[in-house]
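Chemist: According to Swiss-Prot, the record shows the following:
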type     : residues : note
TRANSIT  : 1-43     : transit peptide
ACT_SITE : His329   : active site
ACT_SITE : His368   : active site
ACT_SITE : Asp424   : active site
Amino acid sequence: MPTDMELSPSNVARHRLAVLAAHLSAASLEPPVMASSLEAHCVSAQTMVAPPELVKGTLTIVDERTGKRYQVQVSEEGTIKATDLKKITTGPNDKGLKLYDPGYLNTAPVRSSISYIDGDLGILRYRGYPIEELAESSTYVEVAYLLMYGNLPSQSQLADWEFAISQHSAVPQGLVDIIQAMPHDAHPMGVLVSAMSALSVFHPDANPALRGQDLYKSKQVRDKQIARIIGKAPTIAAAAYLRLAGRPPVLPSSNLSYSENFLYMLDSLGNRSYKPNPRLARVLDILFILHAEHEMNCSTSAARHLASSGVDVFTALSGAVGALYGPLHGGANEAVLKMLSEIGTVNNIPEFIEGVKNRKRKMSGFGHRVYKNYDPRAKVIRKLAEEVFSIVGRDPLIEVAVALEKAALSDEYFVKRKLYPNVDFYSGLIYRAMGFPPEFFTVLFAIPRMAGYLAHWRESLDDPDTKIIRPQQVYTGEWLRHYIPPNERLVPAKADRLGQVSVSNASKRRLSGSGI
C-alpha cells in the first residue's frame with residue numbers, strides 16, 4: 001500500500017521498474033486509428049514556426065487635459081508597466097492614471113514560460129510542445145513533469161517521478177473520515193475543495209505560517225508537496241465519487257498507471273486484481289493531458305493570487321479548485337449536455353440556431369475568452385469520442401453535437417463572431433459515455449489541472465517580480481458622511497436594505513414555543 005513512509009532500497013528499485021513498465025505499456029495501448037486521427041491536427045499547431053517578432057521601444061502619450069507629453073517604455077513582449085502611468089497627472093492632488101480593466105481582459109500580472117496560447121491561430125503549447133503532439137504521444141504524468149520542470153523527463157527521471165507520485169497517493173485516515181462524515185449527497189467538487197484545504201492541517205511541515213516564510217525556498221520541500229498533491233488528487237476524487245455512490249473508499253494501487261489507478265479506485269469494488277479497460281484509461285489520460293494547463297485562467301490566477309500571500313500550497317490550490325467550481329469556469333460541459341438534451345434531435349437544430357441568433361437561446365460549448373479559432377483541444381476530444389463509443393456504445397447525442405457544430409460553422413452569424421467549439425463541447429459526451437455523473441465532470445477537470453496550478457505556484461516562487469497581489473480600485477461611493485444616531489436617521493425609501501430572510505418551518509415551530 002503506498003504511504004508517505006520510505007520503502008527498502010530493494011522494494012524501491014522493484015517498484016520503479018514496475019511503474020516504468022506500466023507507463024510504457026500504457027503508452028503503447030493507443031490504437032493506430034486514434035494516432036492517425038490526431039496526426040492531421042498536428043499540422044495546424046505548427047503553422048507559426050517562428051516566434052512573433054519582438055520590438056521594444058517607447059510609447060509617446062499626449063495628455064490633452066494638460067498638453068503634456070510622456071514617454072513610456074514598451075518591452076520586447078509588447079507590454080508597458082502599469083505603474084508608469086501613475087506619472088501622468090493633472091496636478092499635485094492627482095494620484096495619476098490607473099488602468100480600469102474589469103475581468104483583466106488586457107492585463108498581464110505575470111511573465112510565464114509554462115504554456116503558450118495564440119487564440120487567433122488556435123494554438124496551445126506546453127513548454128513549446130504542441131498540445132496535439134503531447135496528446136498523441138505522451139502521458140499525463142510525463143506532461144505533468146514537463147509543466148513542472150520545463151523539459152520532458154529522461155527514462156530514469158520518469159521512473160523516479162512516477163514512483164514519487166505513487167508513494168504519495170494514499171491519503172491520511174483522518175481525511176478519509178472527514179470525507180465520510182460529509183452528507184451522502186455532497187457535491188464532489190465541494191468534497192474536493194474541503195479535502196484540499198484540510199490537507200494543510202495534516203501536513204503542518206509544509207505550512208510557511210508554521211515553519212517560516214522561507215520554507216518554500218527549499219527545493220526538497222517544494223518537490224514533496226508537488227508529489228503529494230498530484231498523487232493524492234485522484235484518491236480524494238475517487239473517495240468523493242464513492243461517497244456519492246454510497247460505497248466505501250478504495251486504497252490506490254501501486255502497479256497501475258495514473259489514469260488506470262484512478263479508474264481502479266472507482267470500479268474495483270475491493271477486488272485487488274481488477275484492471276480497468278486500457279483503452280478507456282488511455283482516453284482518460286489524454287483528456288487529463290488536454291486539461292492540465294491553460295495559462296492565466298480564472299482558477300490558475302486564483303492560485304497565484306493566494307500563493308502571493310505566502311500561504312501554504314494546499315490552501316492556495318483549494319482556492320483554485322473553488323474558482324473552478326464556478327459554473328462559468330469548470331461547469332460548462334455539463335451545460336453543453338443539458339443543451340444537447342433539450343435540442344433532442346438533429347431536426348430541431350435549425351430552430352435552435354435561430355433561437356440563439358434571436359437571443360432567445362444560449363449556445364454552450366461555443367466561443368472562448370482566448371480562442372477566436374477552433375480550440376485545438378476540442379479537435380482532439382472530438383476524435384476521442386468515437387474511441388469511447390466503440391467500447392461502451394454510441395451516445396445518440398453525438399449526432400446532435402456534430403450536426404450543431406456543422407450548422408454553426410456554416411452560419412455567417414457564428415463565423416463573423418469567431419464562435420468555434422471549445423474544450424467543453426465534446427468532453428461532457430465522453431464523460432457521460434464513460435459513466436460519470438454530470439456533477440463529477442468538473443472534478444475530472446480539477447484532477448489534471450493540479451499540474452498546471454502547481455507549475456504556476458512553483459514558477460511564482462522563483463519569480464523576482466512576484467509581489468503580494470493587491471489590485472487598485474476606482475472608488476465610486478459617497479465622498480464624506482458623518483455618523484448620526486439610529487433614532488435620528490432618515491433612510492431614503494429607495495436605499496438598499498436587508499430583504500426578507502426565509503424562516504424554515506422547523507424554526508417557526510421552535511419560535512412558537514415558550515421560554516424564547
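Heads up, the Cβ atoms here are built off N, Cα and C, so glycines get one too.
I'd like these features described in context: how deep, what's nearby, how far apart.
Modeler: Under the DSSP three-state reduction, His329 (active site) is assigned to coil, being neither helix nor strand. Neighbour count (other Cβ atoms within 10 Å of the Cβ, all protein chains): 15 for His329 (active site).
Around His368 (active site), the same-chain residues at least 6 positions away in sequence with a Cβ under 8 Å from its Cβ are Gly119, Asp375, Tyr420, Asn422. DSSP classifies His368 (active site) as coil under the three-state reduction.
In the structure as shown, the Cβ atom of Asp424 (active site) sits within 10 Å of 25 other Cβ atoms. In the three-state DSSP reading, Asp424 (active site) counts as helix.
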Chemist: Given His329 (active site) and Asp424 (active site), what distance in Å do their CA atoms have, once rounded to a whole number?
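Modeler: The separation of the Cα atoms works out to 10 Å.
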